[in-house]
Amino acid sequence: MLLPIPDVLTPAQLSQLSERLDAADWADGRITAGHQSAQAKDNAQLPEDSPIAREASALVLDALSRSSTFFSAALPRRIYPPLFNRYSGGQSFGYHVDNAVRYDRSRGGADPVRTDVSATLFLSDPDSYDGGELVIEDTYGTQSVKLPAGHLVIYPGTSLHKVMPVTRGTRVASFFWIQSMLRNDAQRRLLFELDVSIRRLTQDTPGHPSLIQLTGVYHNLLRQWADV
């Protein structure tokens with residue numbers, strides 16, 4: 001399931017993040033890439049152990065915790081601490097698939113995270129740069145994503161994807177992975193659609209007798225499928 005989620009960050013949070021990231025020291029993004037990805041990757045990345053990276057990561061995690069849509073769609077069990085990258089001057093990242101498992105370096109690499117869901121949080125105004133589209137190959141074909149600053153897109157970690165060359169300006173984003181309670185994307189999509197339908201029915205017809213039954217179906221499916 002490819003899903004844009006708007007306004008994960010507020011304007012105040014965006015301003016705070018931009019101020020901190022503008023003052024950061026960036027490194028060659030290939031340092032953190034796997035062998036195959038390093039051949040396609042050309043960008044700058046904020047070192048994971050830098051104080052600014054940790055502060056910015058905490059801010060993003062706090063924003064995610066307030067997004068009911070993110071929780072409903074991803075059903076997170078673990079979230080890899082958000083990372084930050086920057087593209088400019090024609091930089092790009094060719095087609096690749098994310099590693100199946102990431103090891104959280106902030107915990108000494110001892111805490112593996114299965115990358116069921118990939119996520120990109122856009123931090124630059126789309127009018128401030130040319131190119132930089134996130135191109136994702138999914139079951140419905142090729143999807144090109146370029147969202148307003150503060151908006152998030154999530155998609156299956158199994159997806160082949162790339163970042164197009166940035167030919168003008170600078171594209172800054174946060175990216176991270178989620179280990180979901182449901183590793184199966186089709187099951188996540190089904191429960192998300194059911195949850196959205198229950199919420200709409202609650203708004204349109206409060207007290208409808210089917211709400212209790214539908215909510216029970218949701219939780220019984222989650223109970224059957226969840227890995228917790």
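Note: Cβ is positioned from N, Cα and C throughout, glycine not excepted.
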Subject >> Co-listed Fe cation-binding residue [Swiss-Prot; alongside H96, D98] among H151, H161 >> reply: H161
Subject >> Rounded inter-Cα distance in Å - R171 (2-oxoglutarate binding site), D98 (Fe cation binding site) >> reply: 20
Original post:
Hey, of the binding-site residues listed (H161, R171), which one tops the CB count within 10 A?
Top reply: R171
Original post:
Which residues, same chain and not among H96, D98, H161, have a CB within 8 angstroms of the centroid of the CB atoms at the recorded Fe cation site?
Top reply: S37, F93, Y95, V97, S118, S159, L160, K162
